[in-house]
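Per Swiss-Prot, topological domain 'Cytoplasmic' is recorded for 1-71, 126-132. The annotation topological domain 'Lumenal' is assigned in Swiss-Prot to 93-103, 154-188 on the grounds of similarity to another entry. Per Swiss-Prot, transmembrane segment is recorded for 72-92, 104-125, 133-153.
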Amino acid sequence: MASPGGQGGGAVSTRGAGARRMKWALELSLGNARGRGDRQSNQGDVMYPIGYSDKPVPDTSIQETDKNLVEKRCWDVALGPLKQIPMNLFIMYMSGNTISIFPIMMVCMMAWRPIQALMSMSATFKLLENSNQQWLQGLVYSVGNLLGSALAIYKCQSMGLLPTHSSDWLAFIEPPQRMEIMGGGMVL
């Protein structure tokens, strides 16, 4: 510390016309002034501030944040198939019920994605192993994929691709006749 008498080297500063003012300074190094190269060689000479500890303190807030991020990521994976259902409904509406290449391609993709996700479920569950709610997340993931498959089956049925009448299996039964045929607001 600089002495109050003004003999502390840089402790006294002069301003203006002879006005002397005292500056207080606290030197944390016990030795003389050293260069940068000397700092690493004499580490024992340094006085640390009050409350300083050389031991690393584990940061529990990072571990807590990591657990929350893992839970959030697992729920994102589990809810992924359910988030695709509104888009699939929109695609079903836009593709129509006619049998052509575009609607059939949409139905194939709608059916293949959930089946592929259900077949690779073990790889998905490896990601969910760190979660506390693994079983609930797995159930939500399975239900979402089953709903996606059900939408594809419904679209196939509405297009007339599923064998739902007995005439589809038996050759001697006549197919059902349409009672009324309409097209574009005109009677045919």
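Quick reminder: no glycine exception, Cβ is built from N, Cα and C everywhere.
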How do the residues of the topological domain 'Lumenal' (93-103) split into helix, strand and coil according to DSSP? 6 helix, 0 strand, 5 coil
Count up the helix, strand and coil residues in the topological domain 'Cytoplasmic' (126-132) according to DSSP, in that order. 5 helix, 0 strand, 2 coil
Cβ under 8 Å to the topological domain 'Lumenal' (154-188), counting only same-chain residues 6 or more beyond its ends: which ones? 92, 97-99, 103-104, 106-107, 110-111
Mind tallying the topological domain 'Lumenal' (154-188) by DSSP state, helix then strand then coil? 9 helix, 4 strand, 22 coil
Positions on the same chain near the topological domain 'Cytoplasmic' (126-132), where near means CB under 8 A and six or more residues out: 70-71, 73-74, 77-78, 138
